Ligand code: AMP
Ligand code: MG
């Protein structure tokens, strides 16, 4: 047996928080991949997970002892419009396990069949999007970004109907929890203040125990989520990540990134980059992510209003105060991170402007975001060739580099130490969209998982030079450009 030791705290909440049901079995489960390192960190046996008995569990055909399968209820604002009932329409939470680090984590099957929350959907997932979520979630984890994880992927031996018939698959997702802003909205929309309070208490216990003793614990919870989300979106932007569907049902309370649908990493730097084909108005463009997260957090604040103070005016003032904390928190995380990306270890007035000048130059000349920052490692050691080659007019870079070097003279670090620090924050390998699409296409169209496995391996060490794999660091050739990714649900 894989060794799941479940302790299902969410399933002990009142019955109106979820629906109890098992996954729907599939015809012919087959293993794509088990994430051995993650399995071990959760106290699971990877070999047992990969055995027929384990694969049956990962496909939803067999329920491991101690699991209490539920579909969680939630609501959400999607692209600004409110749906009072979304919920797990194609996912089942098997239960929670405690990792070796003592952290509680959800084990969820995604693509596991219809639930009472499925509406018109079939409850299933196609192989392509399952592999995309696997690749990007694991890449984000290796980049040090808070994220849900991929424990395993299996195919179902069934087809799912989208625009065409596609192979079906199930992803096993691991998360600090699956509680979203939309979970609060579900109860708030029903005027169920008791449930909002229970959920808030549950979130404090599970995610923010440090606020439990605060004078106003619900306000402290809101402030903690605001801080976690401000930090998260800054970290996304510092590696060029665009989430693509930042709806309130995709905004976690834990501060982990969730739901890798139409997400993408930027190649050439342009703050207006949009990837989602359903994002007609650029609502979720790269540079628009901070205000969108803040908007989502305002929806959370609305749900918590009755808990913040007896008096309506006082509650509103407290909520506003907490939301006001978002901008400075984000700015601080972004500015600090940006200065580290240009190798500064001390802080001076003008540092942010210096870093911003590099971004402006990159935007004007469409320089690659990831490679430009990575090239500063060589530049720190006196070799500007790689950096200059990324700019159509290298003179602009030369001017900037001269200003940069003047500033570096006032730093303590040796060039070697600076280069090492730059390498530790500026990755060489990100899940480039064209590489992800190529890996998905090989698997879906030809049953060839080689590119998927290779890509995962490259992305597991994003900050290391990997001789022979330089091509994985490169932006697409014009013919390889993927203009947008599709929800592909
Ligand atoms: P997502 O776009 O994945 O964040 O999902 C938004 C909502 O649609 C959630 O309530 C999902 O459970 C639901 N959903 C998405 N795809 C399906 C599907 N194939 N079957 C049933 N529900 C779905
Ligand atoms: Mg979602």
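The backbone N, Cα and C atoms fix where each Cβ goes, glycine too.
Under the three-state DSSP scheme, residue 249 (active site, proton acceptor) falls in the helix class. For 249, the entry in TrEMBL reads active site, proton acceptor.
According to TrEMBL, the feature ATP binding site maps to 87, 89, 90, 110, 122, 123, 173, 180, 259. A C-beta separation below 8 Å, combined with a sequence spacing of at least six in one chain, links residue 173 (ATP binding site) to 91, 106, 107, 108, 109, 110, 133, 137, 148, 149, 150, 151.
The annotation Mg(2+) binding site is assigned in TrEMBL to 250, 259. Within 10 Å of the C-beta of residue 250 (Mg(2+) binding site) we count 20 further C-beta atoms, all protein chains included.
The region 'Disordered' annotation in TrEMBL covers 466-489.
Filtering 90, 122, 173, 259 by Cβ distance to ligand 1 (under 6 A) retains the following binding-site residues: 90, 122, 259.
For residue 122 (ATP binding site), the number of other Cβ atoms no farther than 10 Å from its own Cβ, over all displayed protein chains, is 16. Cα to Cα, residue 87 (ATP binding site) and residue 250 (Mg(2+) binding site) are separated by 11 Å. With a CB cut-off of under 6 A applied against ligand 2, the binding-site residues 87, 90, 122, 173, 259 are reduced to 259. Rounded to a whole number, the distance between the Cα atoms of residue 249 (active site, proton acceptor) and residue 259 (ATP binding site) is 9 Å. The recorded positions examined here are 249, 259; by Cβ neighbour count within 10 Å, the least packed of them is 259. Look at residue 259 (ATP binding site): DSSP puts it in coil. In the three-state DSSP assignment, the secondary structure recorded for residue 173 (ATP binding site) is strand.
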